[in-house]
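Taken straight from TrEMBL:
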DOMAIN    55-499  domain 'Major facilitator superfamily (MFS) profile'
TRANSMEM  56-82  transmembrane segment
TRANSMEM  130-149  transmembrane segment
TRANSMEM  161-182  transmembrane segment
TRANSMEM  188-212  transmembrane segment
TRANSMEM  224-249  transmembrane segment
TRANSMEM  255-277  transmembrane segment
TRANSMEM  315-333  transmembrane segment
TRANSMEM  353-372  transmembrane segment
TRANSMEM  384-403  transmembrane segment
TRANSMEM  409-430  transmembrane segment
TRANSMEM  442-465  transmembrane segment
TRANSMEM  477-500  transmembrane segment
Amino acid sequence: MANSTKDGFNQAVLDNACENDSPETAPLLGGPPECHDEDTKVLNKRGGRAQFLKSCFVLSSGLFLLVVAFTIIQLGVLHQYVYFVYYKKYLPNVTYNSGEKQKSYCNNSANGTSAEEQIQNKIQVLASQYMIYASLALYIPPIFGNFFLVTLSDTFGRKPFIIIPIFGALLRSALFVIGIHFELDLQWFILFLLIEGTTGGLYCQITVSFSYIADITEKGDKLIFLLVIIEVIGGIGGLIGTLSSGYLIREFGFVLPSFVSSLCLLASLLLLGVFLPESLPPEFKSRSKRINFLSKFKGVWEFYISSKNGNGTRWRYVFSLLILICVQFGIQGRVNVETLYELNKPFCWNSVLLGWFMAVRILSSYIIGLVLIRVLRCCVSVEFIALVGATSHMAAFILEAFAERTFELFLVPIAGFGSAMVGPIMRGIMSRMAPPDKQGTLFAGVGMLDSVCSILGTTVSNAVYSATVADFRGFVFLMFAGISSIAVVLIIVLWVAGIVGGASAMRYEEEQEIIVTPNEEENLINDLDKCMNQVQNLKENNI
């Protein structure tokens, strides 16, 4: 009976503390005040504003260099080198003159013979099929690798698992330099990609970086804006990577761009390894010295099948995840086929035009997207901003499917100006609803999702493109538009639910876990014992 009374009194004390000790910190884009002041202090333990700014600067600089390198080696060198190798094999009489100012691998004039067109279509099919195997090698290992690495970051800190994927990327890039210089068989490049995939790859690094940002930032407006800033910095890195790779490939071939990519990765590795401070507080590290991966793996799915992480949040997690899947499927899937699409008739682009196209896409998606989020979030809900982004994402695919001329194709990234806004907003919604000590687990699941979307997107898109390139080469983009329309519908549901509920989905209440240290628990029990003794004395005096 005493224990029961003690438990009831304990709960009353905690409830009262929660009611009277609410901090002034607002959650993502507004929301109810939170009752764990201590947890918030632990999570935001930055060592002052200067330390916070230093962490953000070092992390974003390292990510910038990583994306520059990835864009050069993956989107520039690999795609075009594979096409170049097959072109040399099946059209050996076509010379590749490095002195030409406008180099292309196809003839878009009306004088091309039917036999040449058949060979070009065959090259497109072979290159597309090769990219399927390349994508499987790069993205299958990180499916579970991301889970283990990001989950371990909840215990051992974020920094080691930010550095490991960069080391793998550096090793892959250096091997590319060797492979291209000695003209190794393309099968060797699959092995090089597999090496990077086993260390987590780009998405593992970005996923842990999101967890790092969540550690050092309050769950307020600043968090979602910083997530967008990270996306924009990555976009600027992609902009520089695409532009530089186009000119470098045109003037120097494929070896020098691969070497430049290796230098960028080495600089990123040294910068983050030396100057990036650890973000995970020691209090969180010491909580779980023994790691139960099965429990952690179940924890990834608890967000979507259980209500343990918040009252009424399960369906929002599910909807946010489905929206991410639909959008990421198109973003990841279009990368490979888009390059082949632009190298083929009627466009017959060279490396420079490919670079400028990607540059326009990055400028449109990330710069305009950042400005829109910054401006619109003051007057509309984040669901509406995501709706604008998903709609533009869908419209861009429809336009790309029917484009016939170069200027029409350059309108595609302009129409898709909001594509990059959807991802960080959905991640922000999910992060807002997750408890502080489960941020790594949440983002581990999202990282696994990114890898799965990369595999499915690239595999399905390359298979569809190779099957339809001879009849309707733009069909694959109509498929992406149809999948994007599902995301539009789901965002509308979230938006309407927010309006009906009188608040944005970013403001929904969540059940919070109150973390009590052993010393605090012992002191609380002693206080309760004293209180119970006083109550007993009062009863005896009354008697």
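Cβ coordinates are placed from backbone N, Cα and C, and glycine is handled just like the others.
TrEMBL entries are annotated by machine, without manual review.
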Close approaches to the transmembrane segment (477-500) from elsewhere in its chain (Cβ under 8 angstroms; 6 or more beyond its ends): 316, 319-320, 322-323, 326-327, 329-330, 333-334, 381, 383-384, 386-387, 390-391, 393-395, 397-398, 400-401, 422, 461, 464, 507
Contact set, same chain, for the transmembrane segment (255-277): CB under 8 Å, 6 or more residues outside the stretch: 47, 51, 54-55, 58-59, 61-63, 65-66, 68-70, 72-73, 76-77, 159, 162-163, 166-167, 169-170, 173-174, 176-177, 180-181, 244-245, 248-249
Stretch in 130-149, 161-182, 384-403 most in contact with the transmembrane segment (442-465), if contact is a CB pair under 8 A: 130-149
Proximity of the transmembrane segment (161-182) to the transmembrane segment (384-403), 3+ C-beta pairs under 8 angstroms: no
Considering the transmembrane segment (353-372), which listed stretch of 56-82, 130-149, 224-249, 409-430 counts the most C-beta pairs under 8 Å: 224-249
Local confidence of the domain 'Major facilitator superfamily (MFS) profile' (55-499) - pLDDT mean: 85
